[in-house]
Amino acid sequence: MEKIILPTQPGTPSDVEDIKQESNYLRGTLEKTMQNPLSSGIPEADNRLMKFHGSYLQDDRDLRNERQRQKLEPAYQFMVRVRTPGGTATPEQWLVMDEMGDKYGNGSLKLTTRQAFQVHGILKWNVKKYMQEIHEVLLDCIAACGDVNRNVMCNVNPNQSDFHQEVYEWSAKLSEHLLPKTRAYHELWLDGEKVFDGQQTEEVEPIYGALYLPRKFKIGIAIPPSNDVDVFSQDIGLIAVIENNELIGFNVAVGGGMGMTHGDTATYPQLGRLIGFIYKEQLLETAEKILTIQRDYGNRSVRKNARFKYTIDARGLEWFKDELAKRLSFTLEKSRPYLFTRTGDEYGWIQGEDGNWHHTLFIQNGRIKDEDDYLLKTGLREIAKVHTGLFRLTPNQNLLIADVTPAKKEQIDQLLKHYAITDGAQYSALRRNAIACVSLPTCGLAMAEAERYLPSLITKIDEILAEHNLSQTEIGIRMSGCPNGCSRAAMGEIGFIGKGPGKYNLYLGGDFTGQRLNKLYKENIDEAEILATLQPLLAHYAKERQKDEHFGDFVIRQGYVEAVTDGQHFHH
Amino acid sequence: MSIATTNSPFNEAQIQLLNQLLPSLDIYQKAWLAGYISATPQADITSNVETKKVTVLYASQTGNSQQLAETLGERLRQANVETTVVSTAKFKTNQLKKLTNLIVIASTHGEGEPPDNAIPFYEFLHSSRAPKLSHLNYAVLALGDSSYEFFCKTGADFDQQLEKLGAKRLISRVDCDVAYEEDAARFIDDIIEQVAQVNVPTIQSNATVNEASVYTKSQPFYAEVVDKFVLNGRGSSKHTMHIELSLEGANLTYEPGDSVGILSKNNAALVEQVAAALTFTDEKPENLQQQLVTKEITQLTKPLFEKLKNYSKNEAFLALAWQDYHYGRDLLDVLTTYGPFEWTSEQFLALLRDLPPRLYSIASSQLANEESVHLTISKVAYETDGRERLGVCSGQIAEQIEVGDQLPIYIHHNPNFSLPKDETPIIMIGAGTGVAPFRSFIEERAERQQTSDAWLFFGDQHFVTDFLYQTDWQQWLEDGALTDISLAFSRDQSTKIYVQHRLAEQAEKVYEWLQRGAIIYVCGDKDAMAKDVEQTLLTIIKEQGACTDEEANAYLTELRQNNRYQRDVY
């Protein structure tokens, strides 16, 4: 194995590059600082490394000022994100995640927009115990965050069960193949045997090298007609190509990504661009080679310009194709046709081709907790105790109870009824197609509320919808507390990105099937103005929409906003 | 000025000779004579002169006994009595045989225990090693708190034991309650009268009044509350307040280790309820209430409980034992449960002692806060028989006092709990509000830029909510004003971990510090913590020093005598 030598770049490497460089493959001083009893926090450098271990330090921002006054440090706590490729968990794993939420976390579980579990509120002294206990059921947090390939997403709809299983298996293989190989995780959290200084050589990371990637890297696999994974928002978007009910290979899109910085037009959300078709056996090689191009050419000086999309846009797609061709042992074929019809989930029971049943539940914002009048967490626990199939976390933060045998269906159904666990049927189609990121109080980047606010905003928009007979018209609405875009708000038909407390930018014109970005319509507005803005638009839509015309298409046809199909035009 | 019998210890014949000789000496001769006399062994001088000698021995925990001893000593000297004022900690027991007059001033703590630094002397006097003292005249002034069962027990023990050893009592023992000033003044007057042959009137010279501020509990300074907040984070079961009082214009000085006495008032609602439970015809309710505001009504002391019985015909009450009833209850419980009582308002009011001031360890350094003082106060609140009860002072501060209000305070100096000026290592052990004086210690060290060894052991319930002054300690650890910290949060895990467990874990290092001369400070709850800490210290000394129980005890005793084991426990 040759030593990885990165091409030289202009500019000084960012502080995070230095931290990685000095970390001895992600160890840093974590062993020591995680034990320091004086603070429940850790230094910034170690927190950067902690991300590669699937966790990072946050604090309860609701309490920040109050505690400072009380001469207490911030209410530090760790968020731990569990890697579940394709969002798949066994009932046994579900039960452990459920228990961990109570035992070490804040009593709730969050299903993320990348099909992972997140638990918030874990105290420093419990992080290791948490890692060890989830390890018992073969779950880990490796690379759930950090400058590496993240949790690999995969379509969850298994009604075409023959090839769905195969596609899922490819997502798991991809996740495995691109996982960092350092032993640091095992040493730090699982009391694995230590690799002594000097023994750790370049070979430990044959794909990444000692500096890993310049920035996070995301891969998702869609199975048309569902684009639930938002395949064009991924660094590598893969579209499964099925012919004669058999998985042949994948169309490959590159350079999608959501994040941007307010006020910096050099940063923008971008859609992935199709570069061709590969056969399924070529998947691992293709993904690895694409990733190494980003490893070698991604900007390691300015982190906000370090995502793969900027690497490609700065040099042009043709350059990228040439570079990839040099690295691949084969030639890409021409993209195959595909058709997407939606990004949202379809709720309720469906029967797969093999006779097994699958039930998609509506989980508001992916938050699983018990409320006084809605024992969602308890109900799902009871279901997990009897369920013999799998749980699948959807990219829309919902939950699929998958592979229920016909014999078990009645029992699961009874439990669902007993706990009144909803498939969302009683809600507006808007609410059923909503996504919000976590945001306040735990996310350090948040500028405005998201998860805690969107439900009440939807209640108010629902009134307008009801007025215009649109309650059951499907409109995708997404809210992010900051422009980094965990909820992929820049692709929503209605998108909100937080600007400040109670203030949002309103974006319109995203595509219901996830193939277009939205565009800024109103800047920095509060709730009253949001409602005043949407009211006439929705009235207009109700009155003059064409048959089956989605709201995002309507606002473009009517000239409210221009269509954005290339992120480089997002701001202009 | 010529020498006379009235202004010197000499007799008439000596005075004649001296008055002949002294005027004839030149400066050189006078200097030589002065040097000669001072270099001559004292025994030679005193054997020729008959002088009344008194030793005032004090056993002090918080400094009250010491202060009274010094006052008495001053008064005796003014009355031409040769007086030695000495702490029981410094007193050499082999001197007992040589004394002729001994005045003991001793306070009592907790369950009838002597002050820490008096324990060796107390034990010696009660042991078979104690000598016969038939040559000795003595008197005892006892300080205590009648809310405790063993009121003034240490003083009483000294009184009885000295009598038992054959000493002759000069005047009867006086037992003082928390408001001790008047009784103590009477005792001092009686002693002066008994001991002093020459009755010199007390000098009322302004020159003797210290330049420093003279605010006392009878003449407190009204300090404005300039800050007040709760130190415990949300979700805590504790309510520990940090308050800052302005000393602007008071000219008050304090040292780390000192306390602030607060003269608080009873809760108005409680006073109202007590007044309502009484039906006096000879006193208007509003007058009664006014008087009750400053009377102790929240503590059901044993003397009060017994005296109440004199006015009751209620069989159930008369048969009730104080120890079975008093815990968590107050006067109102007795009045409402066992009333009516047959008494006049005057008789009733005479039963109640004045509300004693509440002492709180100072949590700030005056070097850093020239004109303010910080206190750490835990709100006492509990429920008994379905009624919520509040600590008099902590309840008042928690519920009624706001920033801008004033509190009557005075500084209570505590020389027995003080920070060394030199580089001596210090080990500070405090749980909960017991950490307060250590904040003043470390803040003082930070001001002095002192970075010699200083180790804090702190404990409370939960790290997240109860790590009192967390960010201060973090800063001081970074600066070096604090060098080591060990933390015990009892309820963050299934087994309870307390400061003594952390101490035991660090046995080797603790012992090594002790061997290097470290001073140990313990502050906080006497029963819940201080006892266990002491036991742990003994175990550490025994195990690390590879010695017997007796030797470990002796080691600790020596630490105490050398002021290297200082406690402020309550």
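Please read every residue number as a count from 1 along the shown chain.
Backbone N, Cα and C atoms are what each Cβ position is placed from, and that goes for glycine too.
As given in TrEMBL:
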{"type": "DOMAIN", "residues": "A:74-137", "note": "domain 'Nitrite/Sulfite reductase ferredoxin-like'"}
{"type": "DOMAIN", "residues": "A:170-329", "note": "domain 'Nitrite/sulphite reductase 4Fe-4S'"}
{"type": "DOMAIN", "residues": "A:351-417", "note": "domain 'Nitrite/Sulfite reductase ferredoxin-like'"}
{"type": "BINDING", "residues": "A:C437, A:C443, A:C482, A:C486", "note": "[4Fe-4S] cluster binding site"}
{"type": "BINDING", "residues": "A:C486", "note": "siroheme binding site"}
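Confidence for the domain 'Nitrite/sulphite reductase 4Fe-4S' (A:170-329), expressed as mean pLDDT, is 94. With DSSP states grouped into helix (H, G, I), strand (E, B) and coil, the domain 'Nitrite/Sulfite reductase ferredoxin-like' (A:351-417) comes out at 26 helix, 22 strand, 19 coil. Mapped onto three states, the DSSP output places A:C486 ([4Fe-4S] cluster binding site) in coil. Helix, strand and coil counts under DSSP for the domain 'Nitrite/Sulfite reductase ferredoxin-like' (A:74-137) come to 28 helix, 19 strand, 17 coil.
Residues A:V438, A:S439, A:L445, A:A446, A:A450, A:S480, A:G481, A:N484, A:G485, A:S487 surround the recorded [4Fe-4S] cluster site, their Cβ atoms falling within 8 Å of the Cβ centroid of A:C437, A:C443, A:C482, A:C486, which are themselves excluded.
The number of other Cβ atoms within 10 Å of the Cβ belonging to A:C437 ([4Fe-4S] cluster binding site), over all protein chains shown, comes to 28.
Cβ neighbours of A:C486 ([4Fe-4S] cluster binding site) (same chain, under 8 Å, six or more residues apart in sequence): A:T112, A:T113, A:M258, A:C437, A:V438, A:S480. Residues within less than 8 Å, Cβ to Cβ, of A:C482 ([4Fe-4S] cluster binding site) and separated from it by at least 6 positions along the same chain comprise A:S439, A:C443, A:L445, A:A446, A:M447, A:A448, A:I497, A:G498.
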